[in-house]
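Taken verbatim from Swiss-Prot:
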- 8-210: domain 'YjeF N-terminal' (DOMAIN)
- N55, N56, G57, G58, D59, G126, T127, G128, I129, T130, G131, E132, Y137, D155: (6S)-NADPHX binding site (BINDING)
- N56, D122, S158: K(+) binding site (BINDING)
Amino acid sequence: MDISVKQMYNIEENGHAMGFLKKFMMENAGAAAARLLDERLEGAPRVLAFAGMGNNGGDALVAARHLAGRGADVTVVLLGNPDGIRTEEARWNWSILEKMPSIKLVSGGSFDASVSPDAIIDGILGTGITGEIREPYLSAIKFINGIQCTKMAIDAPSGLDPQTGEAADPCVKVDFTVTFHRMKEGIPKRKDLTGDVTVQKIGIPPEAEKGVL
């Protein structure tokens, strides 16, 4: 059953109210994303994770931590300043990475466009896209689309509206997308952008859907 973005929001709120906190959802989402990417890579890959300032970015931060634990050489690009991270869950995960010298952290929105990773994680916008794509997101999306490597989007490719399937210009194009709990209505409409799509459960109790679906 495909669901709307609003329904997903309400399910998450219900789960949080039950005691399955959003930080647990973020941990499980990021861990699932890391596992799926790791299965597609070999050796000790170089992974470049782009993180926006919301919970989609938080998922990418968790994935980066798990991939470092699996032996990957990880660089995280936070597309803004750390004090601008919008959610408690994402801030908490950034604070963990600050204590991990095994991960290279870049913040402020700038990044080295000469890098050549084996894989890229798109955790820029997710389900939170509104309006025109602006800097520094614009440059990050163009960079992702211009480089040859394995690319994974978390929740939805940045620039794709997971509710309607409408895409901004530019919009990230990836090899595969991992979305969570249930498929969002707009995602299957743009397989040209999403690549293979996998739905991963992240531990949200089925009771959280009561009154929503």
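The chain as shown is numbered from 1 upward.
Even glycines carry a Cβ here, placed using N, Cα and C.
S158 (K(+) binding site): 29 other CB atoms within 10 A of its CB, across all protein chains. Straight-line distance linking the Cα atoms of N55 ((6S)-NADPHX binding site) and D122 (K(+) binding site), rounded to a whole number, equals 12 Å. Take the mean position of the Cβ atoms of N56, D122, S158, the recorded K(+) site; other residues of that chain with a Cβ within 8 Å of it are F50, G52, G57, A60, G123, I124, L125, G126, A153, I154, D155, A156, P157, V172. Among the binding-site residues G57, D59, T127, G131, Y137, the ones whose Cα sits within 10 Å of the Cα of S158 (K(+) binding site) are T127, Y137. When each of the binding-site residues G57, G131 is scored by how many other Cβ atoms sit within 10 Å of its Cβ, G131 comes out lowest. Annotated pair D122 (K(+) binding site) and D59 ((6S)-NADPHX binding site), C-alpha to C-alpha distance, rounded: 10 Å. Between the candidate binding-site residues, N55, D59, D122, the densest Cβ environment within 10 Å is the one around D59. According to DSSP, T127 ((6S)-NADPHX binding site) is assigned to coil rather than to any helix or strand. There are 27 other CB atoms within 10 A of the CB of N56 (K(+) binding site), with all protein chains counted.
Within the same chain, residues at least 6 positions away in sequence whose Cβ sits under 8 Å from that of Y137 ((6S)-NADPHX binding site) are G52, L79, I124, L125, S158. For N56 (K(+) binding site) paired with T127 ((6S)-NADPHX binding site), the C-alpha to C-alpha distance reads 8 Å.
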